[in-house]
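J.: Quick one: this structure, given as structure tokens, is what I'll be asking you about.
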Amino acid sequence: MSATPDPRSFGKVAVLMGGTSAERDISLMSGGGVLKALQDAGVDAHAFDPKDHELVELRRQGFQRCFIALHGRHGEDGTVQGALELLRIPYTGSGVMASAIAMDKIMTKRVWLAEGLPTPRYVRLAPDEQTPERVRGVPDDLGLPLIVKPPREGSSIGVTKVLGYSQMQDAVALSARHDPDVLCEEFIDGAEVTCPVLGEGANARALPVIRIVPPEAGYDYQNKYFTDEVKYLCPSGLPADEEAEIQRIVLAAYRALGCRGWGRADLMIRASDRKPFLLEMNTSPGMTGHSLVPMSAKAAGLGYEQLCLHILQGAALDA
């Protein structure tokens, strides 16, 4: 990992936070933490909420670099990245294409499957396919239980674990309120883990794996961010060879999507044979007090402030 430069060399930095997605509140929490860390380190950092200001104001106000702490749509999906490309302001995290693909779990799966990477079997239901007959047939394809979720949302928003045929229509309707397409996914029974990545290409580095132990109620939006009921184990307690295999798969998944800067992959380890399955890649992960990238980085010897500086140092443009 390269040495962190003089914080003053970053110039005037905008921490993009808030935005208009369903994850706005979490973004404000992430951005607030990043902003304080950068300011404490001596960076000339300022909060910037795209909900309140047009992005062109970044150029007018003389910002030289952006730390993207936005989550979800219009922040993590390539749109803001594209605007910053046009404004020629370097930004943290993945570029336009990788951000757009990773935001869409169906497109992400297609890339991973083409690369021979393990991900649960799935069925995509386009709006014209969400008929009662087709919806009732999905469990015949994937088995029960199964997961129904919006392909372009995060933080477990709109997700249902379907246990029986009678739940399918309501689960699809809930998901469709957040995204016209619906992703139905094979349920992997086992341990949930997550693994962050820092860097780009051959220099990308997988950080320690975190094992997630949810309460009986499940790992939902409320538990993720607003309670202490979920247990996060780092070190993960997994056998060394199993953790190394997860890190290998995550690095391959990160590179396959063309990610850069930083990211975090979520996986399930199937209990029956200990096989890991990729669920999604987050290209602008949370940086709150409950967030997992800072926890993993700390286990690797990188404190929160140093992590923020390292990510900011990697700010770049696609071309």
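For all residues, glycine too, the Cβ spot is worked out from N, Cα and C.
Pasting the relevant annotations from Swiss-Prot:
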- 109-313: domain 'ATP-grasp' (DOMAIN)
- 139-194: ATP binding site (BINDING)
- D266, E280: Mg(2+) 1 binding site (BINDING)
- E280, N282: Mg(2+) 2 binding site (BINDING)
J.: Determine, using Cα-Cα distances only, which of these binding-site residues is closest to E280 (Mg(2+) 1 binding site): P139, E153, Q167.
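T.: Ranked by Cα distance from E280 (Mg(2+) 1 binding site), first place goes to E153.
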J.: Cα of L174 (ATP binding site) to Cα of D266 (Mg(2+) 1 binding site): how many Å, rounded?
T.: 22
J.: Return the residues near I188 (ATP binding site) by Cβ distance under 8 Å, restricted to its own chain and a separation of at least 6 in sequence.
T.: P120, M268, I269, R270, F277
J.: Measuring Cα to Cα, how many Å separate N282 (Mg(2+) 2 binding site) from D266 (Mg(2+) 1 binding site)?
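T.: Here the two Cα atoms are 8 Å apart.
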J.: In sequence order, which residues at least six apart in the same chain have a CB under 8 Å from the CB of T160 (ATP binding site)?
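T.: I147, V148, K149, Q167, D170, A171, L174, S175 - these are the non-local Cβ neighbours of T160 (ATP binding site), listed in sequence order.
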J.: Within the chain of P139 (ATP binding site), which residues six or more apart in sequence place their C-beta under 8 angstroms from its C-beta?
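T.: Those within reach of P139 (ATP binding site), by Cβ under 8 Å and sequence separation of 6 or more, are L146, V162, Y165, M168.
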J.: Whole-number Å only: compute the distance from the Cα of D266 (Mg(2+) 1 binding site) to the Cα of E153 (ATP binding site).
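T.: Roughly 14 Å, rounded to the nearest whole number.
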J.: Mean pLDDT over the domain 'ATP-grasp' (109-313): what is the value?
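T.: Here the mean pLDDT over the domain 'ATP-grasp' (109-313) amounts to 94.
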